[in-house]
């Protein structure tokens with residue numbers, strides 16, 4: 001995919017970029033945030049109860065990651081676990097403290113961002129290269145930037161739903177099921193969903209030996225293949241082959257440091273079946289990286305619901321246009337539909353509201369979204 005910089009048209013002038021984190025999971029999540037470059041948010045770790053959203057800001061050139069921690073228990077001041085020492089969270093832990101200073105322990109699902117690479121592009125992805133623990137989606141916030149507002153929303157909002165019990169049935173349509181603005185899209189611009197896997201397959205996609213907490217080995221201690229008759233945990237974080245084994249052939253290092261030498265493992269193949277838009281191993285960027293003009297804010301949603309998206313493969317030509325030129329070629333009919341989509345979004349929002357983020361007022365058009373989960377997973 002080409003990385004030629006698009007023209008920067010009507011670049012947003014505010015010196016801050018919103019980074020929102022929303023928890024739609026049945027249980028509390030403790031998000032973690034790490035900054036690789038630029039100015040990160042004030043809080044790099046916090047508690048987020050079901051249905052809550054935390055608004056923060058980062059610099060326009062921020063590069064960093066967002067992940068979810070589960071089953072956490074901290075002491076009163078958040079400087080360590082509630083009792084003893086070591087880990088405070090079952091997955092995604094960051095040295096046992098609430099306000100993360102380092103990245104999360106693997107296995108962990110990651111939302112990765114490079115907001116301005118210096119070439120006029122923003123790059124972002126959902127990465128399972130280090131493993132999987134919580135479903136997530138990424139939603140763009142165009143923030144009155146006309147060059148971003150004209151991008152069809154069903155091209156830029158990836159979602160990964162890889163947890164048993166949270167996956168909706170094949171053919172599920174969120175727009176006619178009480179979620180008309182699912183992930184800031186609608187029936188005019190519907191998200192393309194993966195339609196092959198079912199909930200039983202999702203419950204067993206993680207290779208047996210890569211489970212964080214596999215059931216006890218039966219018999220003489222040999223892992224069973226196949227293992228269809230052995231009950232797995234309801235909440236089952238999964239290591240990637242690289243994170244678990246640290247072998248050059250799995251991590252694409254040493255003599256395997258090229259796309260021709262490093263091939264996807266069984267873990268990576270399973271990831272692409274369950275979450276087609278997610279990064280599965282080091283050289284998977286062609287089918288996992290989203291590239292748009294710089295200038296947007298973002299929202300990370302844990303447990304978004306519905307099914308995983310399949311945007312990059314089903315809309316490959318449009319995504320190529322977007323990466324190369326910063327826009328998608330629209331006929332008159334599609335341009336008219338975009339105007340109607342924006343008008344409908346504004347009417348449903350009720351108004352354009354001002355919100356205060358880190359002491360600065362931004363004017364943002366909000367869509368009323370609801371993500372109803374019909375399953376209470378145990379985190």
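Cβ from N, Cα, C; glycine included.
Remember, TrEMBL labels are computer predictions, not curated facts.
Of the given residue ranges 12-31, 32-51, TrEMBL assigns the label region 'Disordered' to 32-51. The disulfide-bonded residues under consideration are 25, 94, 100. Their Cβ neighbour counts within 10 Å are lowest for 100.
Long-range Cβ contacts of residue 89 (disulfide bond) within its own chain (separation 6+, distance under 8 Å): 30, 69, 70, 71, 72, 73, 105. Spacing of residue 206 (disulfide bond) relative to residue 242 (disulfide bond) is 14 Å (Cα to Cα, whole number). Within 10 Å of the C-beta atom of residue 252 (disulfide bond) sit 20 other C-beta atoms, taking all shown protein chains into account. Residue 251 (disulfide bond) sits 25 Å from residue 100 (disulfide bond), taking the CA atoms of both as reference points.
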